[in-house]
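Participant: The following block contains the structure, expressed as structure tokens.
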Amino acid sequence: MDTRCYGFFFVLLSLAVISLAYDPDTLQDLCVADRTSGIKVNGFICKPESNITASDFFFAGISKPAVVNNTVGSAVTGANVEKIAGLNTLGVSLARIDYAPGGLNPPHTHPRATEVIFVLEGELDVGFITTANKLFAKTVKKGEVFVFPRGLIHYQKNNDKAKPASVISAFNSQLPGTQSMAATLFTASPAIPDHVLTTAFQIGTKEIEKIKSKLAPKKG
């Protein structure tokens with residue numbers, strides 16, 4: 001194979017790698033996030049290497065089930081760059097999701113990452129919807145894996161009304177972001193005008209206000 005062929009395949013490989021990379025690639029061994037810095041960049045400023053410790057790469061927050069005390073019946077514990085400073089520029093993160101019996105992780109998206117779940121306990125009905133409005137749904141059990149493509153609306157529902165369930169989620173972003181469909185549309189600040197919502201959902205203003213009241217953050 002001559003050098004032109006090698007060059008051609010190198011270009012193809014490079015394009016494939018670029019197309020798969022969502023977070024910028026790191027250019028150094030470590031760039032532990034300095035979350036106290038007021039400087040805004042795409043990610044976080046690196047703290048001085050002399051100040052880096054092993055604790056910057058450690059987090060115990062997903063070792064135990066979270067307390068689920070909301071109306072939808074699920075709790076998400078992130079293990080991302082906001083919790084693990086050492087993840088900065090590495091392009092990966094985790095989360096743990098715990099579900100009460102019958103609990104739901106409502107329809108939502110991750111604008112910056114694909115998600116892969118691994119079922120720790122229980123059995124869940126999961127699914128995602130493509131931009132062609134096609135639903136891909138499946139029941140997943142302990143030890144099984146399911147993938148939610150980047151940016152697509154998806155959900156998970158514990159189908160056991162007697163036992164809790166839990167999963168570990170992996171993301172190809174240090175901070176994948178989450179937009180819950182209901183909360184995004186009905187609790188935005190400033191609020192989306194009612195006439196936009198009434199037209200979009202073909203319901204009246206009273207129904208819009210009722211939904212908003214149910215989704216409004218509880219005052220402590």
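The backbone N, Cα and C atoms fix where each Cβ goes, glycine too.
Got these off TrEMBL a minute ago, pasting:
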type	residues	note
SIGNAL	1-21	signal peptide
DISULFID	C31-C46	disulfide bond
DOMAIN	58-209	domain 'Cupin type-1'
BINDING	N105, H110, E115	oxalate binding site
BINDING	H108, H110, E115, H154	Mn(2+) binding site
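How buried are the listed features, and what sits near them?
Facilitator: Residue density at C46 (disulfide bond): 19 other Cβ atoms are found within 10 A of its Cβ, drawing on all protein chains shown.
The Cβ of N105 (oxalate binding site) has V72, S74, V76, I97, Y99, Y155, Q156, K157 as same-chain neighbours under 8 Å, each 6 or more residues away in sequence.
Within the same chain, residues at least six positions away from H154 (Mn(2+) binding site) with a Cβ under 8 Å of its Cβ are P107, H108, T109, E115, V126, G127, F128, I129, F148.
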Participant: Have a look at the binding-site residues (H108, H110) and report the one with the fewest Cβ neighbours inside 10 Å.
Facilitator: H108
Participant: Using the Cβ centroid of N105, H110, E115 as the reference point for the oxalate site, which residues of the same chain not in that list have Cβ within 8 Å?
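Facilitator: Neighbours within 8 Å of the Cβ centroid, excluding N105, H110, E115: A95, H108, T109, I117, F148, H154, Q156, S169, F171, P176, T178.
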Participant: Quick one: among the recorded positions C31, E115, which has the most Cβ atoms sitting within 10 Å of its own Cβ?
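Facilitator: For the recorded positions C31, E115, the Cβ with the most other Cβ atoms within 10 Å is E115.
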Participant: Excluding H108, H110, E115, H154, please set out which residues of the same chain place their CB within 8 Å of the center of the CB atoms of the Mn(2+) site, keeping sequence order.
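Facilitator: Checked against the 8 Å cutoff, the neighbours are T109, F128, F148, L152, I153, P176, T178.
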Participant: Find the average pLDDT over the domain 'Cupin type-1' (58-209) in the predicted model and report it.
Facilitator: 97
